[in-house]
């Protein structure tokens, strides 16, 4: 008994150290994001005339959007991996990201490129929520998590095919631009998208507080039922929350891979297996990873900006493979 208490105390101290370190790293990443750009603006110059324009009007809304989207995607990945008992589960797996893309393409086609940005964002959220509602329809038939996962994969394939057909046969310049936007990027984010940023905050905070049901869900369906967890209720609630976060993230920045898949894995390999530490850790680490990727996307080319989805995949895949090989040793 004493050994168990000692182990629990050591694990708690380890979790606190990890979360404290991630918090400090996130603050440093925010400062770097505000300073970096075509012109380096040190913190001492943030309140100058130049800083008023570049830092507070251009870089700050972009930095906040990157931070919130990174946190939301990493949290979505952690939730899906526990919910579906599948280490490969990630935000795009259920078809929610592709559903948001279909909503955007439908808005561009029906609006003939004349709709404002907020309307496109609303259509992306609507597309994501429609896919979520279809998944809930399947869930009401009390399908197992594996069957629900396969249903999400099938919906994602259908939505991807619809987007490909629409873009391939379109001569609209807006749709060509939309294809580039779906690769992920924060270049067009300003304070007009603040409502999308605000829409991410309450759901992300709520997810961070759901460690108890998440720990039970991670044990598997049979154990969760034996422990008295209302599995159908929590599965539906978490699918809706995940659909909302992914839909808003796609509306804000396009489709971004790697974050939701790899960040929860990396933290588990580092010892953060308890969702009381894993969920806030995912939010912090996801924000850090996407902030660093955004800085690289801005600075890698002198005359253009790389799609952030390309940067996250290029950075993340080798790191993930290295961590897996290290853990096997």
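A Cβ is built for glycine as well, from the same backbone N, Cα and C atoms used for every other residue.
For reference, Swiss-Prot has these:
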- 22-42: transmembrane segment (TRANSMEM)
- 64-84: transmembrane segment (TRANSMEM)
- 91-111: transmembrane segment (TRANSMEM)
- 115-135: transmembrane segment (TRANSMEM)
- 149-169: transmembrane segment (TRANSMEM)
- 187-207: transmembrane segment (TRANSMEM)
- 243-263: transmembrane segment (TRANSMEM)
- 277-297: transmembrane segment (TRANSMEM)
- 305-325: transmembrane segment (TRANSMEM)
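Within the chain, the transmembrane segment (64-84) has long-range Cβ neighbours (under 8 A, six or more residues past its boundaries) at 26, 30, 33, 90-91, 93-94, 145-146, 148-149, 186, 189, 193, 196-197, 200-201, 203-204, 207-208, 214, 217-218, 235, 238-239, 241-242, 245-246, 248-249, 252-253, 256, 259-261, 263-264, 275, 278-279, 282-291, 294. Counting Cβ pairs under 8 Å that are 6 or more residues apart, the transmembrane segment (22-42) and the transmembrane segment (305-325) reach fewer than 3 and are not in contact.
Panel annotation: around the transmembrane segment (149-169), residues 84, 86, 89, 92-99, 101-102, 105, 109, 131, 134-135, 138, 143, 175-176, 178-179, 182 of the same chain, lying at least six beyond its termini, place a Cβ under 8 Å from a Cβ of the stretch. Simply put, out of 115-135, 277-297, 305-325, 115-135 has the most Cβ pairs sitting under 8 Å from the transmembrane segment (187-207). Proximity of distant same-chain residues to the transmembrane segment (305-325), defined by a Cβ-Cβ separation under 8 Å and at least 6 residues beyond the stretch ends, is recorded for 180, 183-187, 253-259, 261-262, 265-266, 269, 289-290, 292-294, 296-298.
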